[in-house]
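**Student:** Input: one structure, supplied below.
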Amino acid sequence: MKVDVLLGLQWGDEGKGKVVDVLTPKYDVVARFQGGPNAGHTLEFEGQKYVLRSIPSGIFQGDKVNIIGNGVVLDPALFKAEAEALEASGHPLKERLHISKKAHLILPTHRILDAAYEAAKGDAKVGTTGKGIGPTYTDKVSRNGVRVGDILHNFEQKYGAAKARHEQILKSLNYEYDLTELEKAWMEGIEYLKQFHFVDSEHEVNNYLKDGKSVLCEGAQGTMLDIDFGSYPFVTSSNTVCAGACTGLGVAPNRIGEVFGIFKAYCTRVGAGPFPTELFDETGDKMCTLGHEFGSVTGRKRRCGWIDLVALKYSVMINGVTKLIMMKSDVLDTFDTIKACVAYKVDGEEIDYFPYDITEGVEPVYAELPGWKTDMTKMQSEDEFPEEFNAYLTFLEEQLGVEIKIVSVGPDRAQTIERYTEE
């Protein structure tokens, strides 16, 4: 068996949570391979809305095993709140959720450091979510991190050493803070975590594959936020691309099967950073309103713009995408004209590839297509798609070189239409 990978192709918020929920019936295991509680997956299940930050989206399927992999960073306090809310709503998870011993813990002082570093940058700040993600990955790479497995071995000594080191840094930054409440909630989270299965997830995932079980790897955020290939330095601190599934779960590259790439029919970005197709007019405001574009974790208003095919082609290439999934098609239902960025103009020269740096001086070059002016939310199959919408799909497939296998026409899992079903 091979593992399939599901990931975002833009700047995050593409709708991965819903798609994982739609795909999970086909899989035995769902595993998160990177990121932390800085990104939320929003799902609507049986009329109720859920936001998952650290827990895999397969948790709503009663017979699935869910794994938090070694590439994830975990905040015990936020995990406890998320898990308790799920259990209170009728979704037990203690027997179905396994946590890698090698996953790194977000400490209370990591969150304080996050705020202190951002404050020190002034106008040059990246716009982090303040959840301590960057400082946690920094400790991981510098070999100073505290891992889930450490909860069972010399925990107090390892936590105390990390805390003391962080306090020295905060002192040098002259940053005032109060750790009392954060640390109290965090320690309660540590005790709660002990109720779950701590596993060597690399062995577990590979044993499932050896036994013929199907595994879906779930990414967080999006390709354009990848630490190496995203719009640096306005990126996250982990590898959000397909290769991250290998390092974040312990899966060999030759075990990767299908790669599902998710994108919106338009573009959004939350926080600071370059965004070539961003709209600052009423069209952008309309997208934001119709798409309910507010961050699921931070509540921040998302910046909106037309689809960027230069960046999207780059993402398809980097990830080796085999199937595309287009989300939020219905948000564009009322637009007379749909625009798509097909090239950039940089220093007066038109280019059709993603350059080293897009932080400034990038002007989008657009193709225009007629809008479909049809309510897509009630549609049940691709046979009902209007001609203009089919033309948009064909245009995108020709530009990207990959079939759009699934189209989402609303937030509910039922509002999901599969294409090319005759194959």
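Just so you know, glycine gets a Cβ as well, placed from its N, Cα and C.
Annotation source Swiss-Prot lists GTP binding site at G12, D13, E14, G15, K16, G17, K18, G40, H41, T42, R302, S408, V409, G410. Residues annotated as Mg(2+) binding site in Swiss-Prot, with sequence analysis given as evidence: D13, G40. For D13, E14, G15, K16, N38, A39, G40, H41, T129, R143, Q221, T236, R300, the entry in Swiss-Prot reads IMP binding site, with the evidence type sequence analysis. Feature annotation from Swiss-Prot assigns active site, proton acceptor to D13. Per Swiss-Prot, the feature active site, proton donor maps to H41; the stated evidence is sequence analysis. The substrate binding site annotation in Swiss-Prot covers S296, V297, T298, G299, R300, K301, R302 and is backed by sequence analysis.
How about a rundown of where these features are and what they're close to?
**Tutor:** Note on R302 (GTP binding site): other Cβ atoms within 10 Å of its Cβ, all shown chains, come to 21.
Under the DSSP three-state reduction, D13 (Mg(2+) binding site) is assigned to coil, being neither helix nor strand.
Contacts of R300 (IMP binding site) defined by a Cβ separation under 8 A and a same-chain sequence distance of 6+ are given as V270, G271, F294, in order along the sequence.
DSSP gives R300 (IMP binding site) a coil state; it is part of no helix or strand.
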**Student:** Give the helix, strand or coil assignment DSSP yields for T129 (IMP binding site).
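**Tutor:** DSSP assigns T129 (IMP binding site) to coil.
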**Student:** Measuring C-alpha to C-alpha, could you say which of the binding-site residues N38, T129, Q221, G299, K301 are within 10 Å of G12 (GTP binding site)?
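**Tutor:** If one measures from the Cα of G12 (GTP binding site), the binding-site residues that come within 10 Å are Q221.
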**Student:** For K18 (GTP binding site) and K301 (substrate binding site), determine the Cα separation and express it in whole Å.
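**Tutor:** K18 (GTP binding site) and K301 (substrate binding site) have their Cα atoms 20 Å apart.
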**Student:** Can you figure out which of D13, K16, K301 (the binding-site residues) comes closest in space to N38 (IMP binding site), comparing Cα atoms?
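**Tutor:** Result: the closest of the binding-site residues to N38 (IMP binding site) is D13.
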**Student:** Tell me, how many other CB atoms lie within 10 A of the CB of D13 (Mg(2+) binding site), whichever protein chain they belong to?
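**Tutor:** Other Cβ atoms found within 10 Å: 27.
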**Student:** In whole Å, how far is Q221 (IMP binding site) from K16 (GTP binding site) when you measure between their Cα atoms?
**Tutor:** 9
**Student:** Around Q221 (IMP binding site), how many other C-beta atoms are within 10 angstroms of its C-beta?
**Tutor:** 26
